[in-house]
Each structure stands twice: as C-alpha cells, then as structure tokens.
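Trainee: Here it is, the structure in full.
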Amino acid sequence: MRFTSAGFIGITGPITRESEMKKILASLIEGTTLSRDQMHKVMQTIMSGSAQPEQIAGVLVALAAKGETSLEISAAAEVLRELMVPVELQASAPAIDIVGTGGDGANLFNVSTAACFVVAAAGVPVAKHGNVAVSSSSGSANLFRTLGLDLSLSPEQIGRCINDVGIGFMFAPQHHPAMKHVAPVRKALGVRTLFNVLGPLINPARVRHHVIGVYAPELLTVMAEALRDLGSERALIVHSEDGLDELSIAAPSQMVMLDHGEITLCDFDPASVGILGSLEPLVVDSAEQSLALIQAAFAGEPGPAADIIALNAGAALCVAQRAGTIAEGVAMARSLMTNGAAAERVRQLQAFAPAVSA
C-alpha cells in the first residue's frame, strides 16, 4: 500500500455517506467484528478530519466495549502507517523498539527508555518512538527533553542519528500529524481506546523487532497477531501479574513470542534469573526523578532500578538475537551498565542532537 495525491492505493477510500457510518456503528454496538475494508474506511474517515467528534467517540467506545480484534488493530495501523512521516534507516542490523502501551497506572521511571540505551550499547540499532506522558509522571519524550535533546529533528537527521549513534528518538506528534483529529476526543473520553494499542505498532522507522508491554493480559496474543499481520519478524509481548506493561521484578509475567510467524505463549519468573524486588523505590513524580534513577543504574549502582532495566534490556537482547536466553541478556545488560557503555551511549546521543540542529 502507498499514498499518492489521488488517495490510498491498496486501501479503500473513506466513508462518504453518513448512513454507512451509522451502519458500522450499529454493527460494533452489536459486537460484530469489522472487516479489514470497513476498518480502513473508518480510520481514513477519522484521520482525514471528515468524522464528527460524536462519531469518533462512538467508534472508539464501541470498539473498546466489544474488544478490538487483531484484524481491526492491524487494519487501523495500516492506515496510520500510510499517513505517517517515515524515517528511513541505513543500519545494517534490524532495528528494535522497546515500548509500552501505557495505562498501567504504576508511575514507574522510564524503564523501557533506559533499556533502549543498554540495548544500543550492545550494538543493536534502536529506533525509539514515543510521546509525552499521558497517564504517568514521565513519558519517553519528557525524559529525552530532560536530557537536553532536540525533539524536532528531521526524519533524515533521526535516521543518521540511529545509524551513527545506534539510537534515535521519534517524537510521535512530529510523525503522526493526522492524530490531531482524534486528540480532543481522546482527551474528552479519558479512557483507554484503540489508539493506546496502536502507538507501539506505528513506529515511523517500521521496525520489525519489538518488545511491547501491554496494560492487560487479553492483549498479549491480539498484539502478536496484529504484528504478524503487519509484517513484523520477532517480537516479545509482555504483561506482568502485578499489572505492569513491562517485565516486573516483583512478580511473574505472561509473555507471547512472535518469531517469523509462529506465536508461542509462556510465563516468566524474574526469580529464575536471580531478580526479585519491590517496585516502591521505582515510583517517580517527574522526569528529573526518572533520570536520576537511570543515571545511578548506569553508574553501576546496584538495586531495583538496575535490576528492572537489566531484565527488560535482557529480553530485548534476546529478541534481537544478541543473547540466547533472557538470563544471558540480563547478564549482558548488567555488564553494559557497570562498564559505562550505556552511559556513554547517552552522552553520544546528547552530543549528536544539538550538533545536527545547530
């Protein structure tokens, strides 16, 4: 599929009659799953600004009430991918993103973002896609701003950053301008909707390797199936028993692995890799507090922050096939923190961003 001035090629056009939207809404309220073509039409209507706020709210609430299927999610993501401002990567190795859906309510520091620096230090290209905080105290964009990084880099600059430094950040509003059509409705609704799930699936660099944390266990297989539909190669979808949208140090996690089309379900206990601790010291109120915990861990300070970073980075290293098991990945991640490699990757990114935007 591609987008031209004439419209979408490979995706049917938006809904042009109000009666058609009413029929789709009625189907959703009855619990009927939309076809790929119907979902394409709905999303194009919404993202083009042609839908009324009441229609957008109706679709989002009805989808949430019945539960979004993997087909509906992947079809929606296809439309958003066609509309996004892409980043072209030059890296020879496959890039990875470590991201969560958010919405777990835990208010932990930026675990996935910290894990990205560790994974980049291992030589795995990282294309991090994120936004400012919505339900937590510090989103990935908040942390990158606190690091003094420029979030307005061009797609070309970001691609070069990932190639040269090994990690780059794509600020969601810069790459998904069509999201402006749903932002007021999402804010007014104030509940989780389809768009919470879509965020990890619309990485502007079109990465095919992922570690994705989800806020509910019922999303595990659904997300894996959606990723498979979208052409992803390897992904680990996780949800911890204590509710985190990442691997927890305080409780076991459920995981679903996608490996070149094959989907496998399994459980993971952090105690199996010698990790068990409390989440309480990891709760933060600001991006500054989040950064302080990360800097301490990257300085080699042991404790729960270093443990949870190592755990999630270790899982990503396993997905990237730099480690054979999560246990091996955890050991590698610890070494990259204690030897200063992760901290050096932060410094390199800080040096790169101002240089290219000067």
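Including glycine, each Cβ sits where the backbone N, Cα and C put it.
Model, not experiment: these values are computed from the prediction.
As listed in TrEMBL for this protein:
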DOMAIN    22-83  domain 'Glycosyl transferase family 3 N-terminal'
DOMAIN    94-342  domain 'Glycosyl transferase family 3'
BINDING   Gly100, 103-104, 110-113, 128-136, Ser140  5-phospho-alpha-D-ribose 1-diphosphate binding site
BINDING   Gly100, Asn131  anthranilate 1 binding site
BINDING   Ser112, Glu246  Mg(2+) 1 binding site
BINDING   Arg186  anthranilate 2 binding site
BINDING   Asp245, Glu246  Mg(2+) 2 binding site
Trainee: Among the binding-site residues listed here, Ser112, Asn131, which has the most company in the form of other Cβ atoms within 10 Å of its Cβ?
Mentor: Ser112
Trainee: Given the binding-site residues Thr113, Asn131, Arg186, tell me which ones have a C-alpha lying within 10 Å of the C-alpha of Glu246 (Mg(2+) 1 binding site).
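Mentor: The binding-site residues close to Glu246 (Mg(2+) 1 binding site) (Cα within 10 Å) - there are none.
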Trainee: Find the one among the binding-site residues Ser112, Thr113, Gly130, Asn131, Asp245 whose C-alpha lies closest to that of the residue listed as 'anthranilate 2 binding site'.
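Mentor: Comparing Cα positions, the candidate nearest the residue listed as 'anthranilate 2 binding site' turns out to be Asn131.
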Trainee: Between Asn110 (5-phospho-alpha-D-ribose 1-diphosphate binding site) and Asp245 (Mg(2+) 2 binding site), find the distance joining the two CA atoms and give it rounded to the nearest Å.
Mentor: 12
Trainee: For the domain 'Glycosyl transferase family 3 N-terminal' (22-83), jot down how many residues DSSP puts in helix, in strand and in coil.
Mentor: 48 helix, 0 strand, 14 coil
Trainee: Far apart in sequence but close in space: which same-chain residues, 6 or more away, have a Cβ under 8 Å from Thr113 (5-phospho-alpha-D-ribose 1-diphosphate binding site)?
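Mentor: Same-chain residues close to Thr113 (5-phospho-alpha-D-ribose 1-diphosphate binding site) (Cβ under 8 Å, separated by 6 or more) are Ile98, Lys128, Gly130, Ser140, Leu143, Phe144, Ile294.
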Trainee: Which number gives the other C-beta atoms within 10 angstroms of the C-beta of Arg186 (anthranilate 2 binding site), all protein chains shown included?
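Mentor: Within a 10 Å radius of the Cβ of Arg186 (anthranilate 2 binding site) lie 19 other Cβ atoms.
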Trainee: How many whole Å apart are the CA atoms of Asn131 (anthranilate 1 binding site) and Gly100 (5-phospho-alpha-D-ribose 1-diphosphate binding site)?
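Mentor: Rounded to a whole number, the Cα-Cα distance is 11 Å.
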Trainee: Are there any residues in the same chain, six or more apart in sequence, whose C-beta is under 8 angstroms from the C-beta of Asp245 (Mg(2+) 2 binding site), and if so which?
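Mentor: In sequence order, the residues whose Cβ lies under 8 Å from that of Asp245 (Mg(2+) 2 binding site) (at least 6 apart) are Gly100, Thr101, Gly102, Gly103, Asp104, Gly213, Val214, Tyr215, Val238, His239.
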